[in-house]
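Working notes for the structure below.
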Amino acid sequence: MNWTGLYTLLSGVNRHSTAIGRVWLSVIFIFRIMVLVVAAESVWGDEKSSFICNTLQPGCNSVCYDHFFPISHVRLWSLQLILVSTPALLVAMHVAHQQHIEKKMLRLEGHGDPLHLEEVKRHKVHISGTLWWTYVISVVFRLLFEAVFMYVFYLLYPGYAMVRLVKCEAFPCPNTVDCFVSRPTEKTVFTVFMLAASGICIILNVAEVVYLIIRACARRAQRRSNPPSRKGSGFGHRLSPEYKQNEINKLLSEQDGSLKDILRRSPGTGAGLAEKSDRCSAC
């Protein structure tokens, strides 16, 4: 399996993540994906061919293997890593949408040169507002996926230990047969390692949610004690709802003032223009 594309996407999200989120990404790609690609796939590469039962009955080996190993460990871990990494793409799409809006605002303000647009693409987006909710939801989904997969793994393989010998009575085996698992010690070591890495990721996800909530509460308390100035600058200020509403009100007041000046200079224009002016004022 090629993990390069997934790594490229998550690396873009990593630029806008918290410090805990960057540690989580390192654990994902160093301690889980690298181990899965380099070592685990080779250890489980011959699991079906090396699963031997002491019988010559056709089909007995395959049936017993499917009974004791319904899902391969490697495929289960691969599916887990893909689903755990998918919520981070929500943050990537949200950041891309926010940067698109910033570029549109710059073009409307007359700053649509390539230098300013490239600066929007390079600068780090702060986790606040709707992006904060998107980021928290993505972390919560990561946490849920990790917990669900650990529970499913426990249901499939209780005890997390790879046994050396299993006894199979499934049809078409003629009687109870002994089946031998290849490399049980190596598989047990890698299983414990991958589950420990998954547990570390769960702890990091919980810590990141707590960190985001504490930082949001601290930011809100700071805003209450020190109200922000209306003359703020920067891309984030241009995108704030207060700034947009102030700009709209300013444009409406300028249009209303211009219309009243025209009426004062031209008193004979009639009641039609005055009525239009009153309607604009009511708006």
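Just so you know, glycine gets a Cβ as well, placed from its N, Cα and C.
The phosphoserine annotation in Swiss-Prot covers SER233, SER258, SER266, SER277. Annotation comment: Swiss-Prot describes 1-22, 96-130, 215-283 as topological domain 'Cytoplasmic'. Marked as topological domain 'Extracellular' by Swiss-Prot: 46-75, 154-191. Swiss-Prot lists 23-45, 76-95, 131-153, 192-214 with the feature transmembrane segment, giving sequence analysis as the kind of evidence.
Cβ atoms under 8 Å from those of the topological domain 'Extracellular' (154-191) belong to residues 35, 39-40, 43-44, 46-47, 50-55, 57-61, 63-65, 67-68, 70-71, 73, 76 of the same chain, restricted to positions at least 6 beyond its ends. For the topological domain 'Extracellular' (46-75), the list of distant contacts is 36, 40, 156-157, 166, 168, 170-174, 177-183, 187, 190-191: same-chain residues at least six beyond its ends, Cβ to Cβ under 8 Å. In the topological domain 'Extracellular' (46-75), the DSSP tally of helix, strand and coil residues is 12 helix, 2 strand, 16 coil. Taking DSSP states H, G and I as helix and E and B as strand, the topological domain 'Extracellular' (154-191) has 11 helix, 8 strand, 19 coil.
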